[in-house]
Amino acid sequence: MLTINYFIWFTQDCLREVKFVMPASKTNVECAANKKGIFVSSTGTEQGKTILASGIAAWWKSVTGAAPAVWKPVQSGVQWGASNADSYRLKWGGGLEDKQEQDIVSLAFSAPLSPLAAAARENVSINCAALRREGITRLSQGLPLVVEGAGGVAVPFANTYTMCSLASDLELPMLIVAQPLLGTISHTVTAVHYAREQGIPDIAVVMGGLAPEQLEREHECEENAQIIAEQAQVPVLGRLPWIPQPVMHDPHAWSSWRAQWVEAMSRVSLLCDWLMGRMNEVNKERCADSSSLTSDC
Ligand SMILES: Nc1ncnc2c1ncn2[C@@H]1O[C@H](COP(=O)(O)OP(=O)(O)OP(=O)(O)O)[C@@H](O)[C@H]1O
Ligand SMILES: C[C@H](N)[C@@H](CCCCCC(=O)O)NC(=O)O
Ligand SMILES: [Mg+2]
């Protein structure tokens, strides 16, 4: 317990910096050999990243027998332990009951803002070099890593360091959750182009779930998916199931959510195949040049 607490304190202390202090200078970081994982992002906030990231963890555990590692670098706008906190939903949705929320989320800020702005409200700035090092460390632990960003692809941790900067530095494939209905095409095509420009070559899109009252618009979602695939030249892997997560502290309700999610997600076969390829592969070539992992924000 002492070790765990020390680790949490150490991690959080390193990632926070007093405002106006420059981020840590260039340091050589060991490349994470055998790294594998994905970065779950989206076209904006509230698009279903936590649902998907936790659902991927539950699915992976059901398929392989072992949970993956799950990491949300920074969360904002919630309190530890609250049932709407991503740290709580990733823990229980992912079937990571043996983890503490602080093992999953490195930094938490109370303002419901981008990590950059939420940190500034608390007079700190986020040390991106430390964030990157922590990503490398987590990728080196031998488990596939599922990372959830905060908000959409271009949301900043720091002035010149966004969700895509971290995904690119960690050389992770990116899975973008897109809103399924009217308004999604421009946002999604733009997000894919931005992610490519930021140095992420392996990108896929998945359409967010349709709530029961939206199901009659299934065809519209399919058309949007086809148009996005054409316009952005990106694989669109299907549509997520709609399965609301429990809002109470009830392990049985969470276990039931995981079972329903896994059963439904297994039928989204393109998504499962894409994930299997990225979470299983041992990609040593990605480690050829570790210098890109160490540039400053
Ligand atoms: N597939 C789905 N099934 C059921 N509920 C969903 C689904 N997708 C989204 N929701 C609901 O929509 C809301 C937003 O989803 P979620 O919290 O996963 O978004 P997010 O992209 O992780 O947001 P943030 O940027 O805050 O991390 C939640 O209340 C969630 O329960
Ligand atoms: C407060 C939100 N829920 C979210 C941060 C969203 C930032 C969105 C910024 C923007 O696009 O304007 N926090 C989080 O994912 O922990
Ligand atoms: Mg989330």
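Glycine residues also receive a Cβ, built from the backbone N, Cα and C atoms like all the rest.
On a predicted model such as this, the values are computed, not experimentally measured, just so you know.
Here is what TrEMBL says about this protein:
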- Lys72: active site (ACT_SITE)
- Thr50, Asp86, Glu148: Mg(2+) binding site (BINDING)
- Ser76: substrate binding site (BINDING)
- Asp86, Glu148, Gly149, Ala150, Gly151, Pro241, Trp242, Ile243: ATP binding site (BINDING)
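Features as recorded by TrEMBL, highlighted on the structure.
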residue : record                 : Cβ contacts under 8 Å, 6 or more apart
Thr50   : Mg(2+) binding site    : Asp86, Arg89, Leu90, Gly93, Glu148
Lys72   : active site            : Ala53, Asp86, Ser87, Leu90, Ile104, Val105, Ser106, Val147, Glu148, Gly149, Ala150
Ser76   : substrate binding site : Ala108, Phe109, Ser110, Ala111, Pro112, Leu113, Ser114, Pro115, Ala118, Ala150
Gly151  : ATP binding site       : Ser42, Gly44, Thr45, Ser114, Met163
Pro241  : ATP binding site       : Gly209, Trp261, Ala264, Met265, Arg267, Val268
Trp242  : ATP binding site       : Gly209, Leu210, Ala211, Pro212
Sequence-distant neighbours of Ile243 (ATP binding site) in its chain (C-beta under 8 A, six or more apart): Ile51, Gly209, Trp257, Gln260, Trp261, Ala264
For Ser76 (substrate binding site), the three-state class that DSSP assigns: strand
Where the C-beta lies under 6 angstroms from ligand 1, the matching recorded positions among Lys72, Ser76, Gly149: none
Of Lys72, Gly149, Gly151, Pro241, Ile243, recorded positions neighbouring ligand 3, Cβ under 6 A: none
Assigned element (helix, strand, coil) containing Glu148 (Mg(2+) binding site), judged by DSSP: strand
Listed binding-site residues adjacent to ligand 2, that is, members of Ser76, Gly151, Pro241, Ile243 whose C-beta is under 6 A away: Ser76, Gly151
